[in-house]
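A.B. asks: Sharing a structure, written as structure tokens. Questions coming.
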Amino acid sequence: MEGSDFLLAGVLFLFAAVAAVPLASRLGIGAVLGYLLAGIAIGPWGLGFISDVDEILHFSELGVVFLMFIIGLELNPSKLWQLRRSIFGVGAAQVLLSSALLAGLLMLTHFSWQAAVVGGIGLAMSSTAMALQLMREKGMNRSESGQLGFSVLLFQDLAVIPALALVPLLAGSADEHFDWMKIGMKVLAFVGMLIGGRYLLRPVFRFIAASGVREVFTAATLLLVLGSALFMDALGLSMALGTFIAGVLLAESEYRHELETAIDPFKGLLLGLFFISVGMSLNLGVLYTHLLWVVISVVVLVAVKILVLYLLARLYGVRSSERMQFAGVLSQGGEFAFVLFSTASSQRLFQGDQMALLLVTVTLSMMTTPLLMKLVDKWLSRQFNGPEEEDEKPWVNDDKPQVIVVGFGRFGQVIGRLLMANKMRITVLERDISAVNLMRKYGYKVYYGDATQVDLLRSAGAEAAESIVITCNEPEDTMKLVEICQQHFPHLHILARARGRVEAHELLQAGVTQFSRETFSSALELGRKTLVTLGMHPHQAQRAQLHFRRLDMRMLRELIPMHADTVQISRAREARRELEEIFQREMQQERRQLDGWDEFE
């Protein structure tokens, strides 16, 4: 692809994403499906703007590579060791059982046994990019089903190596015999990467961070991710596995959060590019000529994988409410199928349209997953949003709540417990199904689902409630919910959690005056105690705390985001001088009346 063509392709990708994803979100089908549909539209079987799909698909795999690096940063070796049973137990069982069943079914459709084995293994793999994206959207990361799903995906990445090695053996063209010297060199290179990463990465990043230039740190992070991906690709191993290992090696370093911040924007764009590329690869010609075969294949593929995953989740002891989420989110074919089937085709394992049919099946199965997860959500809503159980009635004597609490993480739990302790009738909206199960055991009235859905808010009693407390983790969800409440439930008193000053500004601009910055009050209290330990009288420290809070809130209201940076800096300096003057006056006054104050805490 020439430079001008590459630039044109980039513009088309961005336009497709900007046009399709917001529309898909408004239709309620999710961003992932929006990307896939955008790819179909601009691909060779749609409007035909882009024809070189294979090259773009290979490049777009970098989205998965960046995603795996960030996941590696969230784990450390000890955490990975704790997951060994689920990785090598459930993960291995899923790959083996799904491969065997799918290979058997392919043999019934006139595939040779060698092609059926390769087809079964390829179809048994799930899409790492899609599954992890959906797990984050559904709040599954903290749940047992999310941890188990990640373990299965990690084993599938590990299984890439033997699967690719199996293809030439099945084709009978394994270069007469294995070149054990070459294999040994690859193993040594892999071990060298592990040892080098373990002892060299931290000193290197420490040296780069000492320069104080943020752009260089970002460049070094990109170099690490892309370099480890290319190194693993040169060894014939999974690029995603290489960056995952690099992430794990840096998970306990002091640069973990900075690395994640540097990579995150690239990850999002490249993941979108990956999904668009998958949509472009859908061969509508094959779909049209073999429509019945493809539809049956997609249904059978999804059904077999759901059955295997559900049974394994049950054997592993996953809660019944989480099994369908776990099975549904991993029910599609994955990006590895494109690599494996291309390798098998080069070895002449497939005949006629067999490879094209398998790839169409994989692509369509990926498109079914967002829709399937919506059905699972609706099923869970019916299961958990029904009438109250008998053991919950003593806690909720009146069906009409006084307060709705959205989100029940660490922040929301404190609020909920305080309200319950004071006999307030509350209803909780939570999207983490494991948290829903736990809260119901302790008598909370809980609705499962996305709080930005108006119907769910109505079911939870928003029309009768007096207040709503929004404690969402994501600022975007908070602002969307504020807008919905102001539009559909204007009588509600809105109280919200702000993660920092930026979110506080947004809430003020939206007309929400009752909010709490999650670290502000606790930091102020600790600061007051620090002043006392430094010799300041408790009364004086208390007054300093109150003055600081009052002045900070006034600054927050005055320094709206539209102001120029220089204006904000100037106003901040002026406020600091004003605060110093207040403190000095207070100190002079307190020296005259210290004895009139009882010891505070």
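Every residue, even glycine, has its Cβ placed from backbone N, Cα and C.
Taken from Swiss-Prot, the feature domain 'RCK N-terminal' covers 400-519, and the record attributes it to sequence analysis. Per Swiss-Prot, transmembrane segment is recorded for 4-24, 29-49, 55-75, 87-107, 115-135, 152-172, 177-197, 207-227, 230-250, 268-288, 291-311, 324-344 (among others).
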A.B. asks: On average, what pLDDT score does this prediction assign to the domain 'RCK N-terminal' (400-519)?
C.D. replies: 84
A.B. asks: Near the transmembrane segment (29-49), which same-chain residues lie under 8 Å Cβ to Cβ, leaving out any that are not at least 6 residues past its ends?
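C.D. replies: For the transmembrane segment (29-49), the sequence-distant neighbours (Cβ-Cβ under 8 Å, at least 6 residues beyond its ends) are 12-13, 16-17, 19-23, 130, 133-134, 137, 272, 275-285, 363, 366-367, 369-371, 374.
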A.B. asks: Same-chain Cβ contacts of the transmembrane segment (4-24) under 8 Å, 6 or more residues past its ends?
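C.D. replies: Residues packing against the transmembrane segment (4-24) from afar: 30-31, 33-35, 37-39, 41-42, 49-50, 52, 56, 272-273, 276.
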A.B. asks: Taking pairs 6 or more apart in sequence, does the count of Cβ pairs under 8 Å between the transmembrane segment (268-288) and the transmembrane segment (115-135) hit 3 or more?
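C.D. replies: As far as Cβ distances go (cut-off 8 Å, pairs 6 or more apart), the transmembrane segment (268-288) and the transmembrane segment (115-135) touch.
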A.B. asks: Would you mind listing the long-range same-chain contacts of the transmembrane segment (207-227), meaning Cβ under 8 Å and 6+ residues beyond its ends?
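C.D. replies: Distant Cβ neighbours of the transmembrane segment (207-227) are 62, 65-66, 69, 201, 243, 246, 255, 258-259, 262-263, 266.
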